[in-house]
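To keep things clear, I will list the structure first and then write my remarks on it.
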Amino acid sequence: MEQHEEAAERKPSPPVIFRLFGVEVRGGGGGVDEEEYEEEEVEGGLFIKKSSSMPNLTSIDPLPVPADGGKRRASDDSELASGQQKRRRRKVQERKKGVPWTEEEHKKFLEGLRQLGKGDWRGISKNFVTSRTATQVASHAQKYFLRQTNPGKKKRRASLFDVVAECSDDQLPSPQSVGTKPPTQDIIHTDRGDVPILSYPVARGFRGDSVQVDELTEYVKRLKAAEDMSLSMISGLEMASSSISSLELSIAPPHCAIEAAIKVL
């Protein structure tokens, strides 16, 4: 009996095997060979068991300690962030930097503005300034109009708009010169006679930034007055012609009256 008890005590219990994160881990039982483990003394007089299948713990080099003792400065982070911001700002400036307009392109722009008028930037870009897009033409026009509406500023740097605008003022008629021209008479030939009609010059080539509301209103009033005058003259001629025709019908011709008198006799 004693021998059986000693054999049972010596018989190792089966090890407990479980899987942890895909790795089989043995524990619990005494069936693990003692040869696989060896004791190693570490600092402080402590002993740990390590497996022979694992790499030597003492062969692992300690992590290098930085010169500043592991202390990071906040200024380093701020310098890094400022450097990144400067690079981004430089890239944005390079992207936004465009090619300046030449004098020839600006002259073509003024010619297109004179013929097509303000607002047709797509037509100016397509037919006149072909080297620029419609968006670029609209931006250039905005700068041009701002420059023209504020011409009296002192100590202002010379610009392309000023140089070309002086050359192109002779081609663009001013609203004062167009509005003060005397009206011309157009004669309409009719069956009842010649009818004179007053005609005012058509306001073409006006620049949108220099035309005043009062001048446009006065111009429209003159056109309306001339139209009313022409209609009244035409209606007067029609009434006169109708009255003349009625008189001709009511009055008998003289030879008809003589023939009637002869018959009576």
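Just so it is clear, glycine is given a Cβ too, placed from its N, Cα and C backbone atoms.
The structure displayed is predicted, hence computed values, not measured ones.
Looking at 96-120, 121-145, 146-170, the range tied to DNA-binding region in Swiss-Prot is 121-145. For the domain 'HTH myb-type' (93-149), the mean pLDDT of the prediction comes to 86.
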